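Database features (TrEMBL):
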DOMAIN    1-67  domain '2Fe-2S ferredoxin-type'
BINDING   Cys19, Cys24, Cys27, Cys49  [2Fe-2S] cluster 1 binding site
BINDING   Cys89, Cys92, Cys124, Cys126  [2Fe-2S] cluster 2 binding site
DOMAIN    181-368  domain 'FAD-binding PCMH-type'
BINDING   Leu209, Val210, Met211, Gly212, Asn213, Thr214, Asn215, Ile216, Asp314, Arg376  FAD binding site
BINDING   Gln716, Phe747, Arg861, Ala1028  Mo-molybdopterin binding site
BINDING   Phe863  substrate binding site
ACT_SITE  Glu1210  active site, proton acceptor
Amino acid sequence: MLLSFLRKNLRLTGTKYGCGGGGCGACTVMVSRYDPQTKNINHWSVNACLLPVCQLHGAAVTTVEGIGSTKTKLHPVQERIAKAHGSQCGFCTPGMVMSMYTLLRNNPQPTMEDVTEGLAGNLCRCTGYRPIVDGYRTFCEGQPELFSKGDLLPLDPTQDLIFPPELMRLAEVKDQTTQRFCGERMTWISPGSLNELLQLKADYPQAPLVMGNTNIGLDMKFKGIFHPVIISPTQVPELFKVTQKPEGVCVGAGCSMSFLKSVLERSINDFPPESTHMFRALLQQIKLVGGQQIRNVAVSTLGGNIASAYPNSDLTPILAAGRCTLVALSKDGRRRVPIDKDFFLGFAKTVLKPDEIVLSVFIPASRPNEIVHAFRHAPRKESALATVNAGMRVWFNENSNVVKEISIYYGGVGATILSADRACQQIVGRYRVNLCCHVIYFLKIKLGPSAPGGKVDFRRSLTLRYEPLYEINITWNFNLFTPFVCVYLFTGCHSGGYTPKDCVLCVQNVLEGQSAQDPVGRPMMHRTALSQATGEAVYCDDLPQTDGELFLVIVTSSRPHAKITHIDFSEALKLPGVVDVITAKDIPGKRFRTFTGYDEELLAEDEVTCVGQMVCAVVADSKAHAKRGAAAVKISYEDLQDRIFTVEEAIEKESFFLPRRQIERGDVEKGLREAEQVYEGEIRIGGQEHFYLETQSFLVIPIGEEKEMKVYLSTQHPAFTQEAVAETLGIPSNRVSCHVKRLGGAFGGKVTKTAILASITAVAASKTGRPVRCVLERGEDMLITGGRHPVWGIYKVGFMKDGRITAADFQYYANAGNVVDESVLVAEKILLHLDNAYNIPNLRGRSAACKTNLPSNTAFRGFGVPQCMLVVESMIDDVALKLGRLPEEIREINMYKEVSLTHYKMEFDPENLVRCWNECMKKADFRQRRQGIDLFNQQNQFKKRGIAIVPIKYGIGFAEAFLNQAAALVHIYKDGSVLVSHGGTEMGQGIHTKVQQVASRELNIPTSLIHISETSTQCVPNTCPSAASFGTDANGMAVKDACQILYNRLEPIRKKNPKGTWQNWIITAFLQKISLSATGYYRGHDLDMDWEKQEGKPYAYFTYAVGCSEVELDCLTGEYRTLRTDIVVDIGRSINPSIDIGQIEGAFMQGLGLYTMEELKFSPSGVLYTRGPSQYKIPSFCDVPLKFNVYLLAGSSNPHAIYSSKGIGEPTVFLGSSVFFAIKDAVTAARKDAGLTGPFQLNSPATPERACLACATHFTQMVRDESTSGPAQPWALNI
């Protein structure tokens, strides 16, 4: 693949590996080709992870390093994303840069729609996307001036790289020679003519045709399918020929989606409007096929899309419904084949013979009185495979509403696309006005509970929901309905894309009289943002390969609970390149790690307790060889029957990690008795994958002397890994040094499992005596490392008629997985945030970490609080629904309003919580918008709007007091430059930037003189994790202490020479033998929690915030759009407002994903289905609120943290729930129309499936009434 060639062969490491499947955009590069016919140079953004190098003959490839650098000259695309604060961890930034660069090469004056479409194939887990769009909207005309143009490099297309002239000459020669590339196991053949292609297909009928690599490449990479011969017909001109006729357009099967899109756009302009319905419907679908990178090259072709015969293809239903045909060609001749129900034989099977190719596809123009439409539903609006899609065509008699011919095809409801023949037969000859009811009556989609993909009721209901939409669409085309209905159909949540409105970012002013040189409180750019934008920033796997280096691949369990009877790796050792296999027996020291009193094996020895548990590791001279070796390891098992997957099963079998915690204030039983009403409810919150863009990465180098080991890795806790490696190898910690330059995201997921993986890699390095690298693939990472805990929350609440809650009793069950990890601590933190922002006099909470046979879950941004508070706020919502009042009224009535004690007896002042609430209500214009929403809902049947506002009180700091300490080491060199080392790790949160600002203030020097190289256990020992939103609080204070020590040492010199320069003072100090190095230390707060007494002070202070969101929901499909979000946050006095706002927005978007779209799916045998971006959807550009306003509370201070700031990394994750509750508000309005009132259960995430079914329309009821019979076992577990 191009990606590995760039990174390993050419050492161009700016192009990143994020997923290996074309789903994240981190590997985006630009491919350029010269067209000798048009004399044009065409540029495409592509996914390097999917593009074979063999296909690039005659092409120029431009990577992020090629367009600019900090050493020479930046390109404006690189500068603007950095200056707009659009780069946090920076791992996705080169991909963003190259997507935007390619767009500008093709269109130097893009529109905002062009920008958002161009970036749709790129994912970011840190920023929340808004600053990226802000940076790139500066290239668009007519957009708000967010930056002074004088401060930005101008875009000058004349300065871009030229296309290599030698490639132009090569293209003009038109060399049609067959190209043949022979690898170790595979032969790649690129024929030079159509005849050669047909001969090759006759010689190798089982060889796949690869125009790119989206299907075949993914099957080979992720499913282990091997093809000894691959045929790539990219040089065959007939496959790219386009012919336009009065009857329609004939398109070569090799045309990419982007090229087909341009053909259809041209045809829409060339043909009469009444003849373009088919073109428009197909164009609508093409715009949603993958991201721009997928559509841009022959990787995703028209012929490949048809021949692959996938049931959820976005094109085949509309091609089948629209009377399209294809030409199949072989050595025996050609034949024209209709694309219809008879063409598709089953999953990935068609009537094409093994030696046939698809030459072209004919797309007919629409006939008079013929209407064609396409519909699609997907888990995300862009870059997502469809859940259900449909193509529909109706041909009416001339001057009549009588149906002459109709064709309806569905995708996503079977092994192949489904034709609604029976329904169509009944409709022919009937009037249009009866179309909808007849289709619904005769259409019977049968899906059993175990149907692949699950969502059975939802998918069946979608097939019914599309019919009324199609009915109204037809009416719209004939101008027979009112314009209001037309507006309903073609605006709002049916469309994708993100076209942002003007957003407000309200920061704080610096203190009056503050020096202009003092950077504290100013929106300073992330210190390495420019290096991240140019690809120069070094991540763990970017480190150069060392001599003799080996690669390690983990072998994991395939059983959820079984005894290991034998591990046979004899065949693996016979394979080329395989050096060794590491098992538990090879570990010289401790074979386990201990967490909260429980041992976790590094490598399973006798028994496995989940699918994905690490059993052994294969070490080889390359990644490819190590993967082959891992696949050859055979593990024999004896299954054990007592498998536990769900919390209900754990409760039944009393499978818990101890201790189980409880906390109570007041008398809950009495409060419930005295309440005027009592209600019992529950809610389930699903888990969440960290999806940091940089997967777990390690490089362990044995020094060869005294058992020393250098460990380069991506971790939040270097000292913990140092200790783990030392204990595993049986050596002192002073022999192990851990080095962390930066992390490509972490969110809590790079602590515990990271230490175990580093230890296994170190064992391999120790045993072989050679450097060993281990970089998990995305699927491996998701399988092994665990995520956020799924939680089942049950509550009983007593309340008065005026809305006051008198008592509440909560029970939380968290699915911990197979080992304890940090689950007990998560369960404790859940209880500590039980009250959120509410003063409930009688309150009780109990929590349990359930031991199951799923991969263990771990820390994740918020550490249980986002799950805890969703249960609390759901209770508030239910109280409101029981009383017939608005949720915001119940929240306001019960909120803390004066100095109070928490339920664990910690005193705090909620003044700023109340201020945040009031300010958010005002800034969001909440009450007036609530009235407008009520009016909107009265006027619309199938679209509803909802609004919600939620508060949060989040405790900052570690309840374990020893974790709040920090140390730092500051060196001043003779030239005046300063090197700062501290214990915090940079993972995008900007800790190094803030520490640089601290040092600048304390030493009274410019930030340009201050450098932070890495986090190393050699410089600062015994560090604590960068977690709990406490990194800057602790490490900033330690750096401050060190700088003050140094500054005080220099005081006699400054007094003696007050007009001297910093450099003069430093030289003088050196000559006077004054130490220019100092260690700083911060002891931290003495926090604790006594669970026996149920009291303590587990937090240093609270961060307060309030979020308000408004959504528009399509009740027929469950799709929603976040129209607006307003957030007000009390962060004290911000050290760096731009970084803090970035953290707020990024956390909010992560919370939006948690509560509305991200789903982890496990098979009934405990196998994780969702192992990459194609199955697991995180928020993208299209999910950002259309209007996104963030305000920092003015006039706030915090005496408990550095410079009166507050920790901000975690709290605002929960504010994403404002979207969840806004959806629930909209569903409530829909249910009211259906005659349903009162509380109802809406579990998280509020996916379109759950929202749609909760609306309880008559379509949903039809599906449930006609529920199909099938196996009792569902496709996926209800975790």
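Just so it is clear, glycine is given a Cβ too, placed from its N, Cα and C backbone atoms.
In TrEMBL, annotation is done automatically, which means it is predicted and not curated.
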- Task: Determine, using Cα-Cα distances only, which of these recorded positions is closest to Cys19 ([2Fe-2S] cluster 1 binding site): Cys89, Asp314, Arg861, Glu1210.
- Result: Cys89
- Note on the structure: Within 10 Å, the Cβ with the most other Cβ atoms among the binding-site residues Phe747, Phe863 is that of Phe747
- Provide, as an integer number of angstrom, the distance between the C-alpha atoms of Met211 (FAD binding site) and Glu1210 (active site, proton acceptor). 45
- Report the nearest neighbour of the residue listed as 'active site, proton acceptor' in space among the binding-site residues Cys24, Cys49, Cys89, Leu209, Phe863, comparing Cα positions. Phe863
- Query: Of the residues in the domain '2Fe-2S ferredoxin-type' (1-67), how many are helix, strand and coil by DSSP?
  - Reply: 16 helix, 19 strand, 32 coil
- Task: Pick out which of the binding-site residues Cys126, Leu209, Ala1028 has the most other Cβ atoms within 10 Å of its own Cβ.
- Result: Cys126
- Note on the structure: Cys24 ([2Fe-2S] cluster 1 binding site) and Cys124 ([2Fe-2S] cluster 2 binding site), compared by Cα position, are separated in whole Å by 8
- Query: Relative to the Cβ of Cys27 ([2Fe-2S] cluster 1 binding site), which residues of the same chain, six or more apart in sequence, are found under 8 Å away?
  - Reply: Leu3, Thr15, Lys16, Tyr17, Gly18, Asn47, Ala48, Cys49, Gly95
- Task: Starting from the Cβ centroid of Cys89, Cys92, Cys124, Cys126, which together make up the recorded [2Fe-2S] cluster 2 site, report each further residue of the same chain whose Cβ lies within 8 Å of that point, ordered by sequence.
- Result: Ser87, Gln88, Gly90, Phe91, Thr93, Arg125, Thr127, Leu693, Gly744, Gly745, Gly988, Gly1146
- What other residues of this chain sit with their CB within 8 A of the center of the CB atoms of Cys19, Cys24, Cys27, Cys49, the recorded [2Fe-2S] cluster 1 site? Leu3, Lys16, Tyr17, Gly18, Gly20, Gly21, Gly22, Gly23, Gly25, Ala26, Asn47, Ala48, Gly95, Arg778, Pro1173
- Query: Of all the binding-site residues given, namely Asp314, Phe747, Arg861, Phe863, Ala1028, which is spatially nearest to Cys124 ([2Fe-2S] cluster 2 binding site) at the Cα level?
  - Reply: Phe747
- Message: Just to confirm: which same-chain residues, 6+ apart in sequence, have a Cβ under 8 Å from the Cβ of Gln716 (Mo-molybdopterin binding site)?
- Response: Leu743, Ala746, Gly748, Lys750, Val751, Thr754, Thr985, Met987, Pro1025, Ser1026, Ala1027
- Write down the Cα-Cα distance for Phe747 (Mo-molybdopterin binding site) and Cys92 ([2Fe-2S] cluster 2 binding site), rounded and given in Å. 15
- Query: For Cys126 ([2Fe-2S] cluster 2 binding site), which of these binding-site residues sit within 10 Å, Cα to Cα: Leu209, Asp314, Phe747, Phe863?
  - Reply: Phe747
- Query: In sequence order, what residues of the same chain, 6+ apart, have a Cβ less than 8 Å from the Cβ of Cys89 ([2Fe-2S] cluster 2 binding site)?
  - Reply: Arg125, Cys126, Tyr692, Leu693, Glu694, Arg742, Leu743, Gly744, Gly745, Met987, Gly988
- Item | Between Phe747 (Mo-molybdopterin binding site) and Leu209 (FAD binding site): CA-CA distance (Å) | 41
- Message: Let me check the 10 A CB neighbour count of Cys92 ([2Fe-2S] cluster 2 binding site). How many other CB atoms are there?
- Response: 30
- What is the total of other Cβ atoms whose distance to the Cβ of Met211 (FAD binding site) is within 10 Å? 26
- Message: Just to verify a number: CA distance, Arg861 (Mo-molybdopterin binding site) to Asp314 (FAD binding site), in angstrom, no decimals.
- Response: 36
